[in-house]
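Lifted from TrEMBL, the feature list:
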- A:113: active site (ACT_SITE)
- A:158: active site, proton donor/acceptor (ACT_SITE)
- A:262: active site, proton acceptor (ACT_SITE)
- A:9, A:36, A:158, A:160, A:261, A:262: Mg(2+) binding site (BINDING)
- A:7-262: domain 'Endonuclease/exonuclease/phosphatase' (DOMAIN)
- A:160: site 'Transition state stabilizer' (SITE)
- A:232: site 'Important for catalytic activity' (SITE)
- A:262: site 'Interaction with DNA substrate' (SITE)
DNA sequence: ATGTCTCTAGCATAGAGA
């Protein structure tokens, strides 16, 4: 069977409901993982997704900020939420697909929204950047404790870091810009390599191809200027790496009316 | 360099965060 999994930071699920239903109708991924839903759980627009065949949902939202959710056509056997940095932020939810998911049964998907980190790339001056770095440290501790790649797992989401030179429009211009500073790119790469996760997008689109998933709202000519960054990622455990047969960056959604600043990132697994 | 979008509080608009 083919399993299509998508990650999308929608910047408010209620403002973007028409975009999400359009994407689900057009692309029909099996699983859609959302970040920045900015929506309390009791106000999550579940009915619209159920009407499209996405009967299985896992939601970890809060009022105003952050928030993650998983919409799925395949059933879960379990869901799990982790907290980080002693905050109540909604930045993670995991689901494990159940036997009803056939060949995908047992696959765990971790959906993350890593802190953006503010503007000043100095943890001594900027508590938001300190929080981002501490979050990455806790991710490192988590992989050491939980060994997520020992099972068939996927880690995806808005990691708010563009780790490689080919992940930004201008490497040198962004070296001191939060999302591409050496301290955070090194920390993310150390986490990925130690955990063993494989960057599924880069496996299919190797460096030096430029790959972007985010374009700032402040760039009115975003498509022509193309000053993007790859902030959204899909990683797979080594046991799944050879099953990844395709990837898709749905850049067209950035051109829709009143878009998110992030676009959907998808992989196809042949299981 | 600080342009745009979305949220909350609270009722018009300012501040925070991304």
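Placed from the backbone N, Cα and C atoms, the Cβ positions cover glycine too.
Small disclaimer: the values here were computed from a predicted structure and weren't measured.
Where TrEMBL records a feature, it is marked here on the structure.
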residue	record	DSSP class
A:9	Mg(2+) binding site	strand
A:36	Mg(2+) binding site	coil
A:113	active site	strand
A:158	active site, proton donor/acceptor	strand
A:232	site 'Important for catalytic activity'	strand
A:261	Mg(2+) binding site	coil
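With the fewest other C-beta atoms within 10 Å around its C-beta, A:261 stands out among the recorded positions A:36, A:158, A:232, A:261. The recorded positions listed here (A:36, A:261, A:262) include A:36, A:262 as those with a Cα within 10 A of the Cα of the residue listed as 'active site, proton donor/acceptor'.
The separation of residue A:36 (Mg(2+) binding site) from residue A:262 (active site, proton acceptor), Cα to Cα, is 10 Å. Counting every protein chain shown, the number of other Cβ atoms lying within 10 Å of the Cβ of residue A:262 (active site, proton acceptor) is 22. Taking the Cβ of residue A:9 (Mg(2+) binding site) as centre and 10 Å as the limit, one finds 25 other Cβ atoms among all the protein chains shown. Summarised as a single figure, the pLDDT of the domain 'Endonuclease/exonuclease/phosphatase' (A:7-262) averages 97.
Report note: the Mg(2+) site is defined by A:9, A:36, A:158, A:160, A:261, A:262, and the residues of the same chain whose CB lies within 8 Å of the CB centroid of those residues, excluding them, are A:11, A:35, A:113, A:214, A:231, A:232, A:260. For the pair formed by the residue listed as 'active site' and residue A:36 (Mg(2+) binding site), distance between Cα atoms is given as 7 Å, rounded to the nearest Å. In sequence order, A:113, A:114, A:115, A:116, A:117, A:132, A:179, A:231 are the residues of the chain that are 6 or more apart from residue A:160 (Mg(2+) binding site) and have a CB within less than 8 Å of its CB. Cβ-based neighbour count (10 Å, all protein chains) for the residue listed as 'active site' stands at 26.
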